[in-house]
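Q: Quick one: the structure is below, and I'll ask about it shortly.
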Amino acid sequence: MRLSPVSLRLSRGPALLALALPLAAALAFSDETLDKVTKSEGYCSRILRAQGTRREGYTEFSLRVEGDPDFYKPGSSYRVTLSAAPPSYFRGFTLIALKENQEGDKEEDHAGTFQIIDEEETQFMSNCPVAVTESTPRRRTRIQVFWIAPPTGTGCVILKASIVQKRIIYFQDEGSLTKKLCEQDPTLDGVTDRPILDCCACGTAKYRLTFYGNWSEKTHPKDYPRRANHWSAIIGGSHSKNYVLWEYGGYASEGVKQVAELGSPVKMEEEIRQQSDEVLTVIKAKAQWPAWQPVNVRAAPSAEFSVDRTRHLMSFLTMMGPSPDWNVGLSAEDLCTKECGWVQKVVQDLIPWDAGTDSGVTYESPNKPTIPQEKIRPLTSLDHPQSPFYDPEGGSITQVARVVIERIARKGEQCNIVPDNVDDIVADLAPEEKDEDDTPETCIYSNWSPWSACSSSTCEKGKRMRQRMLKAQLDLSVPCPDTQDFQPCMGPGCSDEDGSTCTMSEWITWSPCSVSCGMGMRSRERYVKQFPEDGSVCMLPTEETEKCTVNEECSPSSCLVTEWGEWDDCSATCGMGMKKRHRMVKMSPADGSMCKAETSQAEKCMMPECHTIPCLLSPWSEWSDCSVTCGKGMRTRQRMLKSLAELGDCNEDLEQAEKCMLPECPIDCELSEWSQWSECNKSCGKGHMIRTRTIQMEPQFGGVPCPETVQRKKCRTRKCLRSPSVQKLRWREARESRRSEQLREESDGEQFPGCRMRPWTAWSECTKLCGGGIQERYMTVKKRFKSSQFTSCKDKKEIRACNVHPC
């Protein structure tokens with residue numbers, strides 16, 4: 001029985017991929033070929049028997065992990081290839097991943113996750129679900145699967161392989177059929193891996209980068225920003241080892257800073273283009289508003305780029321918005337292999353990193369520049385309790401995005417003689433690379449049909465075709481591209497395989513018997529999965545019928561019914577639905593009882609995949625002016641709803657907002673309020689008094705300068721008396737002296753009419769060192785006389801100016 005899932009999670013402990021190759025399907029070999037597979041009492045038996053001597057696969061067969069690493073990074077994806085050197089081949093195989101020094105008889109002995117690449121070639125074993133085996137028994141020279149490395153703490157993993165080549169030739173585990181990988185030191189996670197070898201590949205390769213944003217309220221519920229969540233436009237490039245866009249442990253450039261804080265790729269693109277000698281392709285893809293939507297509603301953004309021998313690295317980044325300065329991306333991803341070829345596929349799960357330019361800790365923290373600037377580093381779950389990724393136990397952060405980089409073409413003479421797979425041969429045959437898919441959003445198509453047989457009947461270049469249907473054209477003014485697609489191919493006869501065979505699906509279950517009693521008929525169907533490569537007609541049957549018996553003899557209570565009618569149309573026009581069929585009672589039971597025969601049947605039916613016509617929107621308007629005339633602000637743009645969706649409301653955003661930055665705002669001088677006027681500096685005649693104010697904020701960025709801080713105005717008290725004679729002055733002074741001496745004897749404080757005062761305090765310190773300040777001193781009442789007719793005794797205060805010289 002064939003399993004449907006394309007991936008299987010193994011035990012949580014991180015281990016490397018141990019590959020073992022058992023022959024699982026009974027169709028693969030007869031009893032004469034293999035001994036019976038005995039059932040193990042352990043978790044997964046990997047027993048494979050063949051007649052003859054077991055041999056070591058040192059030369060003919062090899063098990064290889066792409067890039068030939070000695071270490072694995074937990075959670076990363078690795079392509080694993082099992083191949084035979086020509087003219088050798090194999091028919092049966094099994095792959096399995098075991099922790100080091102484990103036998104595989106318990107579930108916890110296994111580690112990592114397998115992912116099926118081609119279901120026509122590989123599948124999970126029905127009696128050993130952690131192992132991968134062949135889908136159909138046939139001659140082959142290579143198979144490939146992905147292995148997702150286990151979590152941190154698993155240790156080393158052994159990849160093991162077992163194969164059966166012919167009836168009596170059997171290989172397992174030894175030599176080049178094993179591969180040991182150990183867990184990468186976690187202390188190296190914070191440093192970007194740098195290429196250490198020069199690239200030796202020839203020609204150029206073209207890749208497609210596809211970005212899948214998985215950041216949503218479901219995956220990251222804490223403080224998720226519902227209104228403004230988005231990914232900024234992707235910006236990056238393919239470049240040489242002499243240029244670094246960004247890296248862990250390095251400092252963000254101004255371009256990286258503007259992507260991280262504002263989501264603007266303009267400065268970053270300018271920086272990349274300035275390195276024209278080191279850059280081959282600038283990578284750009286549109287922003288995503290909101291951050292996550294199902295792929296059947298919005299296609300994942302993608303971009304194509306090329307690499308060559310000197311510019312074989314690629315880097316990119318995109319801002320996670322809103323956020324202080326958080327991004328995801330790849331840095332210096334090497335697409336060149338040690339075998340002088342080009343990597344076929346890279347799959348990486350991404351966690352956010354901090355650009356080191358803003359110190360905010362939540363999605364919508366206010367701007368708080370980091371001074372001095374810090375180094376780029378990955379975010380962790382222990383950064384801050386208010387962080388949306390905080391975990392007091394220090395667990396790993398759930399990935400927020402996944403990037404897939406796939407090779408789609410190669411041009412020029414290639415160095416590696418053996419291609420990665422048949423698709424690579426076809427890609428090399430292509431006279432020119434295809435442009436990026438520019439299908440308008442207003443054109444709704446069905447899925448592509450399978451490829452036809454190759455037009456060449458010999459081992460020569462030919463063409464094959466596939467088709468799709470135009471289901472809807474939402475805007476008649478926008479033409480829809482062709483509904484046919486052609487691709488180069490190689491005709492049959494290029495391998496040892498029989499090109500005249502066709503691949504069939506499994507038989508579906510038998511239909512119900514056509515009668516409710518006695519002898520009837522039933523049928524089952526299958527379909528052609530792959531037509532013969534030589535272009536011949538597939539002669540294998542697609543329908544079978546056989547006799548069936550129900551209750552053998554019809555009793556007197558049995559009734560006679562008609563044949564089943566045709567099935568009704570499916571209740572759904574797309575996706576899953578129900579269909580019914582009916583039959584009639586031709587003759588009721590002879591004993592007069594009710595006919596118990598079934599007269600209607602219902603079963604599920606599957607129509608083509610649903611392609612809901614989306615709501616039609618106008619293009620985005622131009623961005624509005626910044627909300628401020630200086631400093632940091634916001635700007636917006638809008639679009640209009642032209643028509644509703646086919647099924648329900650339109651959930652697309654009609655307005656977008658982003659940060660904008662203008663020159664710093666001028667800061668005017670700020671002053672305190674004026675002080676009280678001081679007392680007149682003359683006790684009689686004309687004088688002046690002053691008041692002061694202090695500077696609280698100096699002017700900046702061209703702001704209004706500070707005005708005066710000291711003001712003077714004239715004052716006039718009583719007229720001064722004419723100068724008395726010298727004799728009168730002496731007499732008055734003597735009288736005043738005697739009076740003062742008398743008062744000092746009566747009281748230790750100064751006396752005013754009706755009260756006795758304490759002496760003046762010392763002058764306070766000046767409020768400013770320059771620019772005009774003030775000083776104060778006080779005199780307080782010590783005693784009021786009851787017999788006094790004066791009731792105006794009050795504390796007194798004097799103010800005078802000080803340090804009035806300019807600063």
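Cβ coordinates are placed from backbone N, Cα and C, and glycine is handled just like the others.
Taken from Swiss-Prot, the feature signal peptide covers 1-28, and the record attributes it to sequence analysis. Among the features that Swiss-Prot reports, domain 'Reelin' is placed at 29-194. Annotation comment: Swiss-Prot describes Cys156-Cys182, Cys199-Cys336, Cys200-Cys340, Cys202-Cys415, Cys443-Cys480, Cys454-Cys489, Cys459-Cys494, Cys502-Cys538, Cys548-Cys554, Cys559-Cys595, Cys570-Cys574, Cys615-Cys650 (among others) as disulfide bond. Marked as domain 'Spondin' by Swiss-Prot: 195-388. According to Swiss-Prot, the N-linked glycosylation site annotation covers Asn214, Asn681. If you look up Swiss-Prot, you'll see Asp325, Asp354, Asp358 marked as Ca(2+) binding site. Feature annotation from Swiss-Prot assigns domain 'TSP type-1 1' to 442-495. Under the heading domain 'TSP type-1 2', Swiss-Prot lists 501-555. Residues or ranges marked as domain 'TSP type-1 3' in Swiss-Prot (evidence: sequence analysis): 558-611. The domain 'TSP type-1 4' annotation in Swiss-Prot covers 614-666 and is backed by sequence analysis. According to Swiss-Prot, the feature domain 'TSP type-1 5' maps to 668-721, an assignment based on sequence analysis. Look at Swiss-Prot and you will find 732-752 tagged as region 'Disordered'. The compositional bias 'Basic and acidic residues' annotation in Swiss-Prot covers 732-746. Residues or ranges marked as domain 'TSP type-1 6' by Swiss-Prot on the basis of sequence analysis: 754-806.
Show me how these features fit into the shown structure, please.
A: Following the DSSP three-state reduction, the secondary structure of Cys182 (disulfide bond) is strand.
The DSSP secondary structure for Cys199 (disulfide bond) is coil. For Cys199 (disulfide bond), the Cβ neighbour count at a 10 Å cut-off comes to 22, with all displayed protein chains included.
A sphere of 10 angstroms centred on the C-beta of Cys340 (disulfide bond) encloses 15 other C-beta atoms.
On its own chain, Asn214 (N-linked glycosylation site) has Trp292, Gln399, Val400, Ala401, Arg402 as residues at least 6 apart in sequence with a Cβ closer than 8 Å to its own Cβ.
In sequence order, Ala260, Glu261, Pro324, Asp325, Ser365, Asn367, Lys368, Pro369, Thr370 make up the list of same-chain residues 6 or more apart from Asp358 (Ca(2+) binding site) whose Cβ falls under 8 Å from its Cβ.
The average pLDDT for the domain 'TSP type-1 1' (442-495) in the predicted structure is 74.
The secondary structure of Cys480 (disulfide bond), as reduced to three states from DSSP, is coil rather than helix or strand.
All protein chains shown were included, and the count of other CB atoms within 10 Å of the CB of Cys454 (disulfide bond) stands at 26. Following the DSSP three-state reduction, the secondary structure of Cys454 (disulfide bond) is coil.
Taken residue by residue with DSSP, Cys502 (disulfide bond) is part of neither helix nor strand, so it is coil.
Around Cys548 (disulfide bond), a 10 Å sphere centred on its CB holds 17 further CB atoms from the protein chains shown.
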Q: Between the Cα atoms of Cys650 (disulfide bond) and Cys443 (disulfide bond), what distance do you get, rounded to the nearest Å?
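A: That separation, Cα to Cα, works out to 18 Å.
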Q: Please identify which of Cys559, Cys650 has the densest Cβ environment, defined as other Cβ atoms within 10 Å, among these disulfide-bonded residues.
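A: The residue with the densest Cβ neighbourhood is Cys559.
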Q: Which of the three DSSP-derived classes (helix, strand, coil) applies to Cys336 (disulfide bond)?
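A: The three-state answer is strand.
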Q: Reported in the order helix, strand, coil, what are the DSSP residue counts of the domain 'TSP type-1 3' (558-611)?
A: 0 helix, 19 strand, 35 coil
Q: Enumerate the residues of the same chain, Asp325, Asp354, Asp358 excluded, that satisfy the criterion Cβ within 8 A of the mean position of the Cβ atoms of the recorded Ca(2+) site; list them in sequence order.
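A: What remains near the Cβ centre is Ala260, Glu261, Ser323, Pro324, Trp326, Ala355, Gly356, Thr357, Ser359, Gly360, Thr370.
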Q: Summarise the domain 'TSP type-1 5' (668-721) by DSSP state, stating how many residues are helix, strand and coil.
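A: The composition, in the requested order, is 0 helix, 20 strand, 34 coil.
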Q: Write down the Cα-Cα distance for Asp354 (Ca(2+) binding site) and Cys454 (disulfide bond), rounded and given in Å.
A: 51
